[in-house]
């Protein structure tokens, strides 16, 4: 029997979200967006919008709207109408199966049937609405409550909407209570993973377990634990115990299965010893089924529990939504309650089953849909418009002719939203604007361009088409794709929300620093960890404040050899004496002192509570209370925007941390703080918390494709649709052969038999893509990177498939506009050439409709002397308007680099000589700016090459005093490993290299000299070499490694541990020429200079010579040095593009290089 569903449109979702007790709540800022005391002209409204976008200030006010808007009633006809109305003529001996594609009203039918039953006088305990997940249960529950809250006379003590696992858990607790057994506890995936890894660590430490010898080295690895857990979950989903799995392993010659069975047996024994029954979701349903069935049950549907039997007998209506995502155990559990006389409705779509990897199977749905008289088909989509519907049909055609198609259960979409039907005018848009509907494809040239395309599309949907942020979603293939897109959206003013189940709790920023503060109570923190606290919300220091803090301490400890952050760490951890603290903080201002006071207050509060014997929850609360972050985060969350979405996320994470602490303390009241911190750190899988929010965050949601099942938005972007990621690569069984286990149990395929799995995996990915592109009510944008001819980055084959439908507006990689410009692009098209040119090899980037990039582009235009005058004038006027509206960065007073110099006085005070060093002359001659920075910067910790160089120089000096080579070898073997931070193989190579090097050095030094040669080592040389053009005296000072003075004069020798220069470079070396100048001005005769390289792997010593300087050459070099010294006086310095040789980390400071520049410069 075929019928169309719900002719009436769905209620508009663009308004306020329902709150508790029948009210609705909206939060507004107290700035221009609240009551308008002044005028309401265009300028004021524009300013208000801009300030809201950038997070304008003002006290937050909450306006409560207590009016209740009754949802529009949907009209159902035919058999769907009879099901909704509860027609007594219905045959109740078997369930009714409702089949339909995306948006055909399956869930709406479930909701309306439940509401109609309750309105007709049915009790909540006579109704059960079952969904596959808690998220879908929450959505259905909200929809039922929204339709009932207008009923003045309705009240209930419980919710009739549950996930199948929630229902099974309730049943199981009922049975165990009757039997006076310990109540079960459902644990999260993260906790299950942590317990498995803990047991595996025990196997490694005690060398126990039945693991094959060649596998044991893999036991500590995270990937091994993940694969083991996956195997155990697949076994639990099919009801296998340790004995069953062991038997399968022996029968099929799979030692990993037998070892896993032994591990599972040990795992269950540990659980029994704990005194609690901990179950994961896969074990729950089988445990509930085993508890329900009587040992002497005559029929498959008999149950052993009297309380459950009474509950089952009281049921009059059972509704199952999205049954295609149920696994066989869930279907078997629900069947226990589907007795004759109970009205049962089962809805689903086999083409949307995307959880096969979790054990989902369409058989429950297809079995109940096999009877034509009890089958309802919904063929009109009330969500999809013509374009997306055509794309969905094309994807359905590519799915295999098995399962749904073989049993005639696939329902093609014959009608779409927006098309008038008999007696109706079609669906209405829910957004505030008139956004065109459809589906578009955009191929961007680069990953960066693709993310900007997504950002622009999202912003235009909100700003131009007035679609609420919460009605926009970005769907990606996997969780790993979320962070980069999230950063791009946030940087362009888009508030973003990410489901907590997509992020590991300990990796949340605020949770991570709170755990670090707790660890400070248990052990001394490292300097790096204290710096994290300083830079975290607990300390509240931005990079500029961190630098000010370090400079203040460095000034106080100058000459003591202590590092600034080490002193800060000792102050924070109360390790410094009062005298030291007073000395180190004497240059602090109020802001610097406030940073340390905030961190110490947090650590002190936690330490006091911990010493007083407080519980984990108490200590955590004291730390959170001392942090005093709640008020500011609440204010930011209520204001909304990008900062509001981040604050909302932080608050959710902290609540999840407190929930976890409460759960752990409830299970073990004597748990220590150390155990709690270790447990949280050990969880490496995301875990969901309790959702207490009464309203949906006003933010764009980024989510993986599987999380989009059963949901819809107005505007959807499906991003990153690349080959090898969507469809993803074929998943193999790994070490444990999980796929072969599933095939053996579900399909009877002998393990080890050749099986072609690629086609099945491809169809699973195609179903997932079908689900993703069918979530939008108005527009869908699908994005990818590269072109079909680009071997490095190929768009997915699925793009071609939906384009074959003929209803897709597509743009290629050659079109660099941010939007598609097509009818289905929700106004996101930016027109031809609407790009921002990149530099070098980068392709032009799309322009994003956001304040920040627009201000940057206008500033670039104003400051570009090559721009035409009228363009610069127009850009200046636009910036003036933005500055008047309070847009940050538009006012030139806020710009970096436009202020006048802080001083025009010379860097070297008058009357003070300019000091030059031979080693710095080469840098000074190439980049005066870098030479100046290096001359005034504080000393960093010596690098590894510097330490090795100092060691070799010390040996060279000792060889001159008679040190033997054997002793030198022992010193090399002792000292070099302490200086080299590298793997053992690298350290050993370095030791051998320098053993040979010091041998060469010893041979070379001992072979030199004679009775007529005087040797001096580490000789300090200093001479006044003249006066600059501005009258400054110049002093040249250095230290020579070795001086050999003989009849021909003095030879300067400099030992080097780096790469050898060429002979010509040595001849032109300014450093060697400086030494010869010092020798000459000191009254000696320069006989040349030598560079010696003992570390170069040659049979003889590598030497580079500079010939003896003639008097003319000496004077010529002196004049050049005086000119160089003049450039050191300042206040202006010449800068090289790359910072000159040896610039290192100071190169980014040079104004002549692009490295490290501000993007707005």
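Glycine is no exception: its Cβ is also placed from the backbone N, Cα and C atoms.
Note: TrEMBL annotation is automatic and uncurated.
Noted in TrEMBL for the protein shown:
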type: BINDING; residues: 100, 101, 102, 103, 104, 105, 106, 107; note: ATP binding site
type: COMPBIAS; residues: 1-13; note: compositional bias 'Basic and acidic residues'
type: COMPBIAS; residues: 16-41; note: compositional bias 'Gly residues'
type: COMPBIAS; residues: 818-832; note: compositional bias 'Gly residues'
type: COMPBIAS; residues: 1148-1161; note: compositional bias 'Polar residues'
type: DOMAIN; residues: 79-385; note: domain 'UvrD-like helicase ATP-binding'
type: DOMAIN; residues: 408-710; note: domain 'UvrD-like helicase C-terminal'
type: REGION; residues: 1-44; note: region 'Disordered'
type: REGION; residues: 414-434; note: region 'Disordered'
type: REGION; residues: 804-840; note: region 'Disordered'
type: REGION; residues: 1132-1161; note: region 'Disordered'
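Recorded features from TrEMBL, shown on the structure.
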residue	record	Cβ contacts under 8 Å, 6 or more apart
101	ATP binding site	349, 351, 378, 379, 381, 392, 396, 411, 412, 413, 774
102	ATP binding site	349, 352, 381, 383, 384, 392, 413, 770, 771, 774, 775
107	ATP binding site	139, 140, 143, 321, 322, 347, 710
DSSP-derived structure type at residue 100 (ATP binding site), helix or strand or else coil: strand
Number of other Cβ atoms within 10 Å of the Cβ of residue 105 (ATP binding site) across all protein chains: 25
According to DSSP, residue 105 (ATP binding site) sits in coil
How many neighbouring Cβ atoms, not counting its own, are there within 10 Å of the Cβ of residue 100 (ATP binding site)? 24
So how many other Cβ atoms are close to residue 106 (ATP binding site), meaning within 10 Å of its Cβ? 27
Students should find that the Cβ of residue 103 (ATP binding site) has, within 10 Å, a number of other Cβ atoms equal to 29
Summarise the model confidence on the domain 'UvrD-like helicase C-terminal' (408-710) as a single mean pLDDT, whole number. 83
